[in-house]
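Shown next, in structure tokens, is the structure this report addresses.
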Amino acid sequence: LAQSLFALFASSLAISLVFAIIPLCHNVVVLAVVMAVAGLAMGCIDTISNMQLVKIYQKDSAIFLQALHFFVGFGALLSPLIADPFLSDTNCILSNSTANASSNLPHIRKSLVPHHPGNLSHYDLPMKGMVVTRVSYAFWIMALINLPVPIAVFFLLYKERMVPCFNGSSHPLLSADELAMETRPVDKDELSTPGQRPQAAGGHDDLFSCCQSRNFRGASYTYFAVHVTGALVLFMTDGIVGEYSGFVYSYAVEEPLSVVHKVAGYLPSLFWGFITLGRLISIPVSYRMKPATMVFINVVGVLVTFLLLLIFSSSVVFLFVGTASLGLFLSSTFPSMLAYTEDILQYKGCATTVLVTGAGIGEMVLQLLVGSIIHDRGSYSFLVCGMIFGCLAFTFYALLVFFHRMYPKPSPELDDASPDKAAVTEDTGQYQR
């Protein structure tokens, strides 16, 4: 826990520093390095937060994972609204010849030919002159908004007596016994007797345990198959989130839809809005519905939505309806898949790390792939790619269910009396120093 909290503190503080530095970067190489640091920090936060929720709450983690990812979507929806007042409606740089002539030149995104928004080769854009943008304020505001996060993590470290210089009179928030009683109905004497506390076995005993070869000894092929198929499902679904939010605007303004640029600009916001709404709805739903059922509804819903978008590809109204539907079905896929896969592996695998990594790679790779295909084949290929990715996600989910049925289940005797059971009980007391 100490490793995770220190990593969260460093990563969240790094994000505030990066956002404060970005407006000061006047060299593209420096900006690239700064953005790489931000990506590394966000990856650490994503992995550790998911891993610790699964580690602490185990079979009850689905609800907490849904809540976590609701705030992810809420942040993605809120941050553009914070930045919007500081975006310029004029060219960001006015050349010397135009600075005095006009103070209201059309912004580049509004001056594009409607059917060719990506072709900038014949536009003469000034590279030197008076800078008229105020976008730097948006970055500095985001840096300030993020500052309470590392402060809160440091406060938790302080309360848990994990800060070397401040471990005197502070009382921990929860003892190991109290946390165990909150998360699992076990006998308190079991936790308080040192002789009955064997070492935790497998997956989540420390931050780097997944890299240790001893965890793979004697593992069946289904153990690895569950990890791989779960990661591939998220590779596809998170990739769809990235490519759809990134290219739905470009698809809408192209033929045959030819949506007005301002109207098309609402599509990504609508998409993220329904992702956020879906994650909010999923918090109470996950209390009643199994994660496997939720993932099945999600992947089938994505597949059907893309099929209908292809059938009604000339309808602007259905593009908006389909965008909302797609956001709703994709919203709870990640937390539900994470809870489902960890449950299959009895919380002793490396599912959280593998799934987060697979999702991140999918979001990066599929955007590059779809962008290249749209450039070569036209805008209609955008929906075709989405349909293919949806089919692949459903196929990988079917394989995951197949390997789930083949995965060895612990016997009741082993589940009640074995060291593995005690190891899981021990592992819930993560707040003990």
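The backbone N, Cα and C atoms fix where each Cβ goes, and this holds for glycine too.
Features reported for this protein in TrEMBL:
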- 30-49: transmembrane segment (TRANSMEM)
- 61-82: transmembrane segment (TRANSMEM)
- 137-158: transmembrane segment (TRANSMEM)
- 221-241: transmembrane segment (TRANSMEM)
- 263-281: transmembrane segment (TRANSMEM)
- 293-312: transmembrane segment (TRANSMEM)
- 318-340: transmembrane segment (TRANSMEM)
- 352-374: transmembrane segment (TRANSMEM)
- 380-403: transmembrane segment (TRANSMEM)
- 412-433: region 'Disordered' (REGION)
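If you count C-beta pairs under 8 angstroms between the transmembrane segment (61-82) and each of 30-49, 221-241, 263-281, 293-312, 352-374, the highest count goes to 263-281. Against the transmembrane segment (30-49), stretch 352-374 shows more Cβ pairs under 8 Å than any other of 137-158, 221-241, 263-281, 293-312, 352-374. Here the transmembrane segment (352-374) has Cβ contacts under 8 Å with residues 43, 46-47, 50-51, 54, 204, 210, 227-228, 230-232, 234-243, 246-247, 250-251, 334, 337-338, 341-342, 381-382, 385, 389 of the same chain, all six or more residues outside its ends.
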